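Below: the structure, in structure tokens.
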Amino acid sequence: MSTADIEASNGHSAGARHEGVLLPGIYVPTVAFFQADEELDLETTRKHAARLAGTGIKGIVTHGSNGEAAHLSHDERILITRATREALDESGHSEIHVIVGCGAHSTRETIKLCKDAAASGGSHALVLPPSYFASLLSPKLLLDHFRNVADASPIPILVYNFPAVQSGIDLSSDQIIELSQHPNIVGAKFTCGNTGKLARVAAATATSGFLAMGGSSDFLLQTLVVGGHGVIAGLANLAPVANVKTMEYYESGEVKKAKQMQAVLARGDWIAIKGGFVAVKAGLERYFNYGGRPRLPCAMPEKTARAQMEDGFSEMMDLEHSLQ
């Protein structure tokens, strides 16, 4: 499906308060930044968003898994999203979307987060399945949850499938395809890593403008090959240009170059996957001189482990710097 077709069909719910639609590309789920006393570091939040803005990405995601959403209050989420939106606008990149993580364990709270997201500058919401009472949630109740949220949300939503953080709930391709029929559900993020599932959804929704997004840089190329539309990838906090260029090479037919860069991204992403969001923070500290600690009880890696993470990112960061 062409970009023009997606522009005509994606994000078209009546009354949705957003500008523009989501386009295929690279989206960065940013990490959260804190001061030494664990208060929000909004200055660094703005600095990071402004740095990413000029790299060719299509959007930023606040309050994803990398963004320590579980450690944030509702008011703090609003502040981070607002600071991110303001930084993008002030840097001359108002075209870049801000997608806001809005997953919660009740439908009521999820809707509240979506409304907060819209009020603070978010254009779309990224919604995990509720999972605290996973054993009580039938497939019908899960689908009803997403539909009820989509009905009430002032901005379009994307389904976020990440079984590792949702008590093992793993939405099937059939369920996601069914949800794609809702006019205010415009995409899905597949952090499950199941490219077969992603392929089925991409094929079934190919004419609708629904975006099937990979959830990690280590399968960016695989996502594109099966008809997906890019990735929402934490590694892009460190290497946004390498992600963008890999996608551009593939789309221009330079598949050999894309494969070579994908191999580097996959090796770098393995460091981030093993280390979690604190590995990304360690990389930011090493290569950009900012990052900071996570909120307790999480902590930065010990010295030896941190050095190994930093070294593990070196090949990818050499590539990133060579592309700038």
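Residue numbering: from 1, along the chain as shown.
Backbone N, Cα and C define each Cβ position, glycine as well.
According to TrEMBL, the features are:
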- Y160: active site, proton donor/acceptor (ACT_SITE)
- K189: active site, schiff-base intermediate with substrate (ACT_SITE)
- I232: pyruvate binding site (BINDING)
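Other Cβ atoms within 10 Å of the Cβ of the residue listed as 'active site, schiff-base intermediate with substrate' number 28 in total over all chains. Around the Cβ of the residue listed as 'active site, proton donor/acceptor', the same chain contributes G64, G101, G103, L126, V127, L128, P129, A188, K189, T191, each under 8 angstroms and 6 or more positions distant in sequence.
Listed in sequence order, Y27, V28, P29, V61, G64, I99, L126, K189, M213, G214, G215 are the same-chain residues six or more apart from I232 (pyruvate binding site) with CB atoms under 8 A from its CB.
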